[in-house]
Amino acid sequence: MSLLNPVLLPPNVKAYLSQGERFIKWDDETSIASPVILRVDPKGYYLYWTYQNQEMEFLDVTSIRDTRFGKFAKIPKSQKLREVFNMDFPDNHFLLKTLTVVSGPDMVDLTFYNFVSYKENVGKDWAEDVLALAKHPMTVNAPRSTFLDKILVKLKMQLNPEGKIPVKNFFQMFPADRKRVEAALGACHLAKGKNDAINPEDFPESVYKSFLMSLCPRPEIDEIFTSYHSKAKPYMTKEHLTKFINQKQRDPRLNSLLFPPARPEQVQVLIDKYEPSGINVQRGQLSPEGMVWFLCGPENSVLAHDTLLIHQDMTQPLNHYFINSSHNTYLTAGQFSGLSSAEMYRQVLLSGCRCVELDCWKGKPPDEEPIITHGFTMTTDILFKEAIEAIAESAFKTSPYPVILSFENHVDSPRQQAKMAEYCRSMFGETLLTDPLENFPLKPGIPLPSPEDLRGKILIKNKKNQFSGPASPSKKPGGVAEGSLPSSVPVEEDTGWTAEDRTEVEEEEVVEEEEEEESGNLDEEEIKKMQSDEGTAGLEVTAYEEMSSLVNYIQPTKFISFEFSAQKNRSYVVSSFTELKAYELLSKASMQFVDYNKRQMSRVYPKGTRMDSSNYMPQMFWNAGCQMVALNFQTMDLPMQQNMALFEFNGQSGYLLKHEFMRRLDKQFNPFSVDRIDVVVATTLSITIISGQFLSERSVRTYVEVELFGLPGDPKRRYRTKLSPTANSINPVWKEEPFIFEKILMPELASLRIAVMEEGSKFLGHRIIPINALHSGYHHLCLRSESNMALTMPALFVFLEMKDYIPDTWADLTVALANPIKYFNAQDKKSVKLKGVTGSLPEKLFSGTPVASQSNGAPVSAGNGSTAPGTKATGEEATKEVTEPQTASLEELRELKGVVKLQRRHEKELRELERRGARRWEELLQRGAAQLAELQTQAAGCKLRPGKGSRKKRTLPCEETVVAPSEPHDRADPRVQELKDRLEQELQQQGEEQYRSVLKRKEQHVTEQIAKMMELAREKQAAELKTFKETSETDTKEMKKKLEAKRLERIQAMTKVTTDKVAQERLKREINNSHIQEVVQAVKQMTETLERHQEKLEERQTACLEQIQAMEKQFQEKALAEYEAKMKGLEAEVKESVRAYFKDCFPTEAEDKPERSCEASEESCPQEPLVSKADTQESRL
């Protein structure tokens, strides 16, 4: 856009609109009809009507959402009003006199203003021209000066009965600070009392501007003005203004030949337009006040106006565009109990949406009219034909490009489906595309037609029955499938499908059946989760012939795989994904997803669990090239705000052309790229939030948030200013550093959001603008509401600077190559400072032949080949100075504090586990000993018969078992044997459980330790790479400094050799050229060396990580081997423990020991201590 010739002019108000027309305004609720005169102010800001008592009502044109005439306008329902308008008379022609104006803050909260004209067809002209004013791109994208002018127009229109401006209107217009309003009125010598009034003649535009300057002074603009005007002079000459425009307001990336800078004679036009002083205009001077209004003018719009018009190529295939899409369009609130309304289809289409959704269900008797509702919820119903009628009315009011109707068809009645098809044919008429275009047949490999080819057409997205004859519908839960089509429904004999096509469809059906069989193996919870994510979309029925015949270029098919889709190569097939499924595909196969969207279309919609109608962020799916990213238009949250803001561009057509890399099949695009994208120049964006104006109706502290939406590799940081120093919402100033987004990889996919918040995080206003639509320089940013409506008062004053991204390493070299003369002249000025650093300079300039002077003063050129040796030496020297970086070894990583601490904790856990196991083992043995003692005591009571004079003595457990003389020594009590077997079994189980616990705990420890080592290794390696990069940058800068010092040495030596000015200039140019080549060569060599070192470093780091991962398998194998060895010897250990513990109680099991009877000896049998065996078992475990 040229600075002096804005592309877009403000809307033109036709004379008859400003002159006015007589109407009758009626209200159905009150049954009142009032004669009014309807007008539009000459500047097109307000639609207003005046009653007979001179009372006036206003409607801001920016709030108008629709105008309707004839049968689409509201019709009185009150009998009283019907009698007033003689509606019962057949020759009344009432519909030719109607006019309805629809306005509201969003798409749900609407107000209808109804008028009836005295003449026929008057309402038609008013409806068309008023809507054209409301939808004009400059109505909501007007410059700051226009919004300030709207305030003046409204003040002058709201007059009291005496024809004067009430002062109280000023207080209502600027409610934030009444005292400041009074002071500003006083400064302009105007009345300031609450009950006073001002004569409109005393308040012209010049006085109004003075009032604004007093109410909202702009010290920040005064500072800018001071930095460019002549010292001690209160004005800026046209030369100074030209310099300011070319340096600050001009995009530095523009080519000076194709886009020449401003010239003083052109700038004089701006001074004539904005300078309030006539004397200054004659002298070509601009005052500070003129500077303020210049920065508020259309020449300094923050937007590139040409992007608001249709400026993109609209002849590409349909799948090469992002398409503004809606989900569950009929709902006005939540997904469970919200109201449904046909009006939502009008509002969504008027906002620029080109894809709407219709959830169709079978109507109930007796009418059996198909309905639209959200199935299995408490949402209300609307008739299908009402929705179709609304779409037919509003489809092409704001955009001529094709509309896609996305049917979610649950109507399993052939008769009702036929009725749906008939409604579409009759109401849409010629706009309904029923047959493919001749040049774009439905064949594999044939691309889709373009939006231009489909201009003014409506396309149906519905399941298509690919074969002739009806297909039986699938049963929904609790329903019964109906029979075949009735005879009244025609069936085509030839559907145009070849045998190859039928085979492909059969293959898809087989795959779908296999997937359904696999889904049958899922548990109930997984099936419920899948159904809740998809909502009712998975319950669609099969299309019958009538509806199927309407489907052509948008044929929904169940997604199978990217490979399958690529093999079939059918551009007319579209698949729908929930946000979760799309995110999964994007995460696992992002590049395949992008390639899929190059060939055919995809639709993404919110998951079924978003019962509050909230939205997901659409940016991630735009990054993958998904065309129809459907959102809930009734919820104006941040995702919807971004969608509304971006689709406002390209003429609000609902179609945005994707980037070339997302369209060309020979190019690969990875949305997760973090480095660079081939051939795409990254952008650096810097934004400084300077001040705000009229941000709130209350005196509060405010702050500003700045956020970037784009690729995952873009800078994702959200910046925020501090709170304004004082509670001042009229003109707060933030003196902070600029917010910099250093590397925006693909500017075409990025957008900037700037939001103003009140203290306490209350939303005040925001703006979302694509990066490619921004202009560099100082700009006033007019804010929008949450529903993207233009706000009259609030604005921000910002400074934007956009330039091509250049790494710091190449910054100096880029400047030198872009403007070598300017760069080296600047370096010459630094030579004096460097002279003391460089020390004594050599007498000879090069190592070859010295420069000499002839007797006549003519210079002699330096020896041949003097540049190359220096360049080579410097490059080698730079390469030698770069040391090869090292990475941490495996041993060093093992000694890291975090790893050692974790190992100690694991060792402690293992010791505790083994201690508990040993204690349990000991308890089992002691319990067995106690049970054995009890058995032997019982046996002793039956068999022992002590003598008369015998003395009672305490015996050990084994002594209590007395063997009778007739009883063999090798026979034992069977209960004792049973006790022994049970004890061995319990010990066996305890040992197995203990060994398994140890193995499981060791495996867990190995996993945790390896994960910890991997985490610390990655952190350390990231720090190593960062240090390496910082060191590399430092080395490069030092090398450049050395080369610069060397250049200065050569120039100093040259001046000593010859005094001829011409020769000096020539030799100086040679030295500078040589220096540039030398720097380029040295930087190239150093960069190659650094890249090699970085590759080696990354290879070592990768090898280290692989070693750590290999350790996990080794440790687990070792733990498993130990476990298997212990389990193998457990049985023998158990028997040995039992035998050793009770060896004297089971004499038959003692190895190589003679049988002995306790009866034969009076001595006690020896008993092993219990604790010693338990200790042995603990040490073994």
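Using N, Cα and C of the backbone, Cβ positions are placed for all residues, glycine too.
Noted in Swiss-Prot for the protein shown:
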ACT_SITE  H327  active site
ACT_SITE  H374  active site
BINDING   N328, E357, D359, E408  Ca(2+) binding site
DOMAIN    312-463  domain 'PI-PLC X-box'
DOMAIN    547-663  domain 'PI-PLC Y-box'
DOMAIN    666-791  domain 'C2'
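Reduced to three states, the DSSP call for E408 (Ca(2+) binding site) is strand. Model confidence over the domain 'PI-PLC Y-box' (547-663) stands at 94, taken as the mean pLDDT rounded to a whole number. Look at D359 (Ca(2+) binding site): DSSP puts it in a strand. The Cβ neighbour count for D359 (Ca(2+) binding site), using a 10 Å radius and every protein chain shown, is 24.
Counting residue by residue with DSSP, the domain 'PI-PLC Y-box' (547-663) contains 45 helix, 21 strand, 51 coil. For the domain 'C2' (666-791), the DSSP counts in helix, strand and coil order read 6 helix, 56 strand, 64 coil.
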